[in-house]
Amino acid sequence: MKNNLLRLPQGTESLYLEETFRHRKILRHMEDLTERWGYMPVQTPVFDFYDNYRTLLDSKLDDQTYKLIDREGDLLMLRSDITLFLARQMGMILTEEELPVRVYYSDSILRYQDHEDISSHEFFQTGCELIGKPGLEGDLEILFLLAELLENFKLPTSRIHVGSTLVFQTIAGALNEEDSRLLAQYLQTREESEIRKTLGRAYKKEDASALTALLLFIGTGEDFALQKVQWDTLLDGTLKESLDHLKAISDSWSAVEGFDEMFNIDLSETGNQAYYSGIVFNAYTEGCGTSVASGGRYDGLMDHFGYRGDKPASSIGFSMFLRKLETLSTMKIPESMVSKKMDENMSALEKLTETRK
């Protein structure tokens, strides 16, 4: 048996001294700001019954989830997605009289990572959920809250890419299951020729080319508005409605001074969770190769976990990986934390006097 006294399990993480101070400072900053927006804290369990979530986990998240068997023989899962645990918790107790509900969370999640990246299995995740506010108004509240948080964290240049899972689902609806999976895969890597070829198995050549260009669109709200004029002559139904909704969102952020530069319409954003049902988004910051925050709308999740009110518990939220933000933030640690070191030989009275100056 290995001597583990001087080792930590691979993938776990600890924080020390100034590192912990920065973590707590950014966390408190996030909590203070979200509370000013009317959000209240919530705590989710560390583990729950696996069967409650099995149908909501895509194959990747299922593979990443830690599972264990309790003394009664029930299969449990450790918290790998706070949104799912929160939705079950709220779905069981929420009444329609309480809607809308605004909550925020800050907690660890545990996931197996890919074999190629075993640097960390434990992540600290913080985020916000708005429950019971459907449509444009709810979407804008969450997007603007995320934008203000990123701005207040004093990060390098940040951009929030907003898309819609309905765009992808509508287009992929004409494909078989395997081609739909391939289309999602090619979109992630933006392989234009493969996307066109995959769509060509279900659409006419000219339609496949037009839909490929649509799915690969990334641009400002102004760019999107110009391009949408051309698309409107070709599209109808759910696809057109989804683009109309994105146009309404971009018009709204364009009206807020300074916010237009923080947003892009990105139709290749399809959402990283199977339960998303509307807009999806990722936030990217200069200096980080992956998104620092992600989220979307999931209007049916509360119903899945037992909510039975007549008023829909339509929900939207986002989560942020705090460790990524901590390494990028230019928030300053107080001078007293990094340079004003007390003499170890000072008496307790002298230390008290020094700290009260």
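Cβ from N, Cα, C; glycine included.
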What does TrEMBL list, out of R54, R111, as binding the same L-histidine as D81, I82, T83, Q125, E129, Y275, Y276? R111
Secondary structure at Q125 (L-histidine binding site) (DSSP, helix/strand/coil)? strand
Return one of helix, strand or coil for R111 (L-histidine binding site), based on DSSP. strand
Look up D81 (L-histidine binding site) in the DSSP assignment and reduce it to helix, strand or coil. coil
T83, Q125 as binding-site residues, winner by CB count within 10 A: T83
For I82 (L-histidine binding site), nearby residues of its own chain (Cβ under 8 Å, 6 or more apart in sequence): T44, Y105, D107, I109, Q125, G127, S319
Would you mind checking how many other C-beta atoms are within 10 angstroms of the C-beta on Y275 (L-histidine binding site)? 22
